[in-house]
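Novice: One structure coming up, written as structure tokens, with questions to follow.
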Amino acid sequence: MDYFLFIALTFLLTFHVHNAQGSELPTTTTESTETSSSKIYIIHVTGPEGKMLTESEDLESWYHSFLPPTLMSSEEQPRVIYSYKNVLRGFAASLTQEELSAVEKKNGFISAHPQRVLHRQTTHTPKFLGLQQDTGVWKESNFGKGVIIGVLDSGITPGHPSFSDVGIPPPPPKWKGRCDLNVTACNNKLIGARAFNLAAEAMNGKKAEAPIDEDGHGTHTASTAAGAFVNYAEVLGNAKGTAAGMAPHAHLAIYKVCFGEDCPESDILAALDAAVEDGVDVISISLGLSEPPPFFNDSTAIGAFAAMQKGIFVSCAAGNSGPFNSSIVNAAPWILTVGASTIDRRIVATAKLGNGQEFDGESVFQPSSFTPTLLPLAYAGKNGKEESAFCANGSLDDSAFRGKVVLCERGGGIARIAKGEEVKRAGGAAMILMNDETNAFSLSADVHALPATHVSYAAGIEIKAYINSTATPTATILFKGTVIGNSLAPAVASFSSRGPNLPSPGILKPDIIGPGVNILAAWPFPLSNSTDSKLTFNIESGTSMSCPHLSGIAALLKSSHPHWSPAAIKSAIMTSADTINLGNKLIVDETLQPTDLFATGSGHVNPSRANDPGLVYDIQPDDYIPYLCGLGYSETEVGIIAHRKIKCSASIPEGELNYPSFSVELGSSKTFTRTVTNVGEAHSSYDLIVAAPQGVDVKVQPYKLNFSEVNQKETYSVTFSRTGLGNKTQEYAQGFLKWVSTKHTVRSPISVKFI
């Protein structure tokens, strides 16, 4: 009996928009509440004995056979909401507990769970990343021409200039998708747009059939990945320039899965199913849970595995639960897990105190009508109430703050913009928003409701000290506009989730960091205080923003190297990454101290070098099976991920997977092997350079790799041993090894945990 075991996905990542709502990931609701008597369940089943079901009608018939006979003959609204084909063997249905119990007794039933309701997590970057129109990777990849990027998000804004198809040919013949917008809305850029709303409708009765973006997040991420060139882009007069996505000539396929605050799991599963069926090349998922489940119960991991098997590259947000360790999500090794970094552009608003001190902060709203004269300065929390310090709604006394510059603290679960709205309601003239200690020097440029600036925690402490030092503190804000050239960029954003990787400690995560702070991209509607209703853009922050940067860059590599596997593209991105900032120093974090590998992974993406990496660490789909068996998963659990019946006849430790980085739990000595494939010059030679982690001896054999043809493979081994010379109290140490030729540097980070 040959069973095809596909478990339904607990669809991991959705997103929380990173604008005024801050950068923290929200709590995920564990299950939906459609009615008091029924819920939507994801049902996982096997295939029928001795049969291969490939046609949609056959699958639907099989799935319906699991329903109780009374439901089969019922004239009520159909109980089966979705029948899945590509990413799992199963269906979504609205059932009572009694009806579910009947389903569970059927032969072929595997498991079921209530669907989870998830919530969204949330111009200059091409130049910052070295992308130029007349040379380099853009030209070499033909700007991503012919590649299809599927974006699962909140929809799209058709007609926005970022989605113009000027100069873009029709989609390739393999495209099978459709456009559910009006006949003129889709074009050669926006080739597909669909809404998956059946679960949302069942839950709240709302009909939202059109894939129109109603809040901006989906439009922003889609244009970041593959927006067309748009001249004169700006936000309230700031960040002026030419806006463009990472792959400006790539096609976009939009799958709307979020309606209001709800992104139902079964709707997301249907969108993933469709994206694989439609023939996309890249899937971009700016979504995230607060904690990563094991891979066999991780919807993103399972869906991404199915996509990877078909040659589809999957890029996912790392999550916004930083800077805390072990907060990383989307940690499967077949996913590119993307953290967030700053760029070298700031939109500067300086807090100037009455004693002459100045502290640079950021704000998008910089009204020319604001006169920078010194005004009375007051701390919002002077009454000792925490809610006042956070400038919570209704917490400020109008008489105490009218006409003053008000110092508010970040946090309290209150959006940054909402704090400014409270200051404005109380009659305040301006706001200085100070960071909390956790976010330290990580700042966001927001469209505030009044003149404002967002300053660091250190600056806030000094401003508080000044307020306490005088009976008549004063301050103003100096708006300095857009400033390019911050030498500390790229730096890791405070909110960017960190490793270690809980589901698989032997795989270093995140894989890469990319631009995710104060990112300008398309927006559906004008912002408050905007006078231009035609060119609508907004600035957002989050790993939701860094993910589509890497999705677009992957599309460029796919265009340049159409025969590369998803693992080869991922390897090229990782081994070519930058580890120093524009000031030629090590990349720092929100504390301005050199960061560790759990924040950066391999480093910051460098598209030009990724397009010509020299060597790649390739992995074929079947190579993951012994790795998964080595995690201690049962054969059934591995089969859930692999979409077929599995025998764990062989298993390998995590470190033996042919991954472009090393994450080693080291007690006694360990030896791992790696195989690299030459994708550079046919005749080339690579020498070894090792920076061993403190307290670790690293031996590599051989120490020289010689190639005589393209696609030649060479294998090397690495032995890690403790030396006893390190700090006996340290838990982790880090280093790297790299293979260097006359043209290429192929770098792999090394993270060691002492056990």
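Every residue, even glycine, has its Cβ placed from backbone N, Cα and C.
This is the feature table in Swiss-Prot:
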| type | residues | note |
| --- | --- | --- |
| ACT_SITE | D153 | active site, charge relay system |
| ACT_SITE | H217 | active site, charge relay system |
| ACT_SITE | S544 | active site, charge relay system |
| DOMAIN | 41-119 | domain 'Inhibitor I9' |
| DOMAIN | 128-611 | domain 'Peptidase S8' |
| DOMAIN | 376-461 | domain 'PA' |
| CARBOHYD | N182 | N-linked glycosylation site |
| CARBOHYD | N297 | N-linked glycosylation site |
| CARBOHYD | N325 | N-linked glycosylation site |
| CARBOHYD | N393 | N-linked glycosylation site |
| CARBOHYD | N468 | N-linked glycosylation site |
| CARBOHYD | N529 | N-linked glycosylation site |
| CARBOHYD | N706 | N-linked glycosylation site |
| CARBOHYD | N727 | N-linked glycosylation site |
| SIGNAL | 1-20 | signal peptide |
Novice: Other than its own, how many Cβ atoms are within 10 Å of the Cβ belonging to N297 (N-linked glycosylation site)?
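Specialist: Taking every protein chain into account, the count is 20.
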Novice: In Å, rounded, how far does the Cα of N325 (N-linked glycosylation site) sit from the Cα of N706 (N-linked glycosylation site)?
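Specialist: That comes out at 39 Å between the alpha carbons.
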Novice: In sequence order, which residues at least six apart in the same chain have a CB under 8 Å from the CB of N706 (N-linked glycosylation site)?
Specialist: S684, S685, Y686, E714
Novice: Sort the residues of the domain 'PA' (376-461) into helix, strand and coil with DSSP and give the three counts.
Specialist: 23 helix, 18 strand, 45 coil
Novice: For S544 (active site, charge relay system), which of these glycosylation sites sit within 10 Å, Cα to Cα: N297, N393, N468?
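Specialist: Checking each Cα against S544 (active site, charge relay system), there are no hits.
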Novice: May I ask which of the recorded positions N182, H217, N297, N393 is closest to N468 (N-linked glycosylation site) if we compare their C-alpha atoms?
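Specialist: Going through N182, H217, N297, N393 one by one, the closest to N468 (N-linked glycosylation site) is N393.
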Novice: List the same-chain residues at least 6 positions away in sequence whose Cβ sits under 8 Å from the Cβ of N182 (N-linked glycosylation site), in sequence order, or say none.
Specialist: none
Novice: Looking only at the domain 'PA' (376-461), report the model's average pLDDT.
Specialist: 95
Novice: Using all protein chains in view, find how many other C-beta atoms are within 10 Å of the C-beta of N393 (N-linked glycosylation site).
Specialist: 13
Novice: Is it possible to get the count of other C-beta atoms within 10 angstroms of the C-beta of S544 (active site, charge relay system)?
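Specialist: If we count other Cβ atoms within 10 Å of S544 (active site, charge relay system), we arrive at 35.
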Novice: Could you check which of the recorded positions (D153, H217, N297) sits closest to N393 (N-linked glycosylation site), going Cα to Cα?
Specialist: H217
Novice: Rounded to the nearest Å, what's the C-alpha distance separating N297 (N-linked glycosylation site) and H217 (active site, charge relay system)? Just drop the number here, would you?
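Specialist: Here the two Cα atoms are 27 Å apart.
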Novice: Between D153 (active site, charge relay system) and H217 (active site, charge relay system), what is the CA-CA distance rounded to a whole number of Å?
Specialist: 7
